[in-house]
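Remarks on the structure that follows.
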Amino acid sequence: MLKLADECVIYARVSSDKQVREGNGLESQIIACKEYARKNDIRVIQVFKDPAKSGKDTIRPGLIAMLDFLKSREEFTYVVIDDIFRLSRNVAEYHPLKALIQDHKGILKDLKNVINEDNPNDPNAAFLENIIASFGQLERQLIKKRVNERQRARLLEGNYVYPAPRGYKFENRVLTATESNSKLINKIYRDFVNGKYSSYQEVIDCNEIKLIISPRTQKPYHSWKSEDVKKLLTNKLYMGKVEKLDKGVSERDGKHEAMVDEKTFNQVQLLLKKKGSKRH
């Protein structure tokens, strides 16, 4: 390796919260990059990290901080990464980002030796780099496709696969609710049918909604907005149904317990339509 600088920064990224929680990837990337710097007698001056940040997005706090740091320096600085996918999995963004790093006197070095920093004009190396960058994007798209297919398959079976709506929580991947939350939400529906409320704001002001407990914090929800009440009164999950039309999944019985019977739910929908869903 032709040594072009004496100092380096390290950039590490993992794409999911699960990887962060389980300690997979982030620290191992940093350790490997530090070992590379030690073997090549390069001093590590900063480490920049982006935990749980997608490689398809360049708006990342750690990445932006690194670019600002490079821009503030007068000297050339190595930017050591585990592999080029840490930088970006989007081909359209990878090369402009690489060019921006170079504009700030950054010299990219990946531990897989895909980037040829000793001879940046080598057409063979550039061709290989393009292929690998394209493979990263293909891999990301295939992962997304597989995730969507698995989600759709579970939806078709009646399993809800997205964040739990207010009042529910997940247990063993199935939506569940406490008896108290079910009773409170059921009463809000029945009171709406009986004419107690004529707007979302009146629901927000009622006692029952203030007693609904967040399963995550074990405390009442911090606040309710009109949009939250609208979701509470119109989400078919509360009557035990699953539906996701943009995934090609029509309404079907869910595997979770309903909080409201179908008749009451549909009565509320008719009333909301007649009232024009008044917010105040």
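Every residue, even glycine, has its Cβ placed from backbone N, Cα and C.
Nobody curates TrEMBL annotations by hand; they come from automatic prediction.
TrEMBL annotations:
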- 7-158: domain 'Resolvase/invertase-type recombinase catalytic' (DOMAIN)
- 165-278: domain 'Recombinase' (DOMAIN)
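Sorting the domain 'Recombinase' (165-278) by DSSP state (H, G, I as helix; E, B as strand; all else coil) yields 55 helix, 21 strand, 38 coil. Summarising model confidence by region, the domain 'Recombinase' (165-278) averages a pLDDT of 94.
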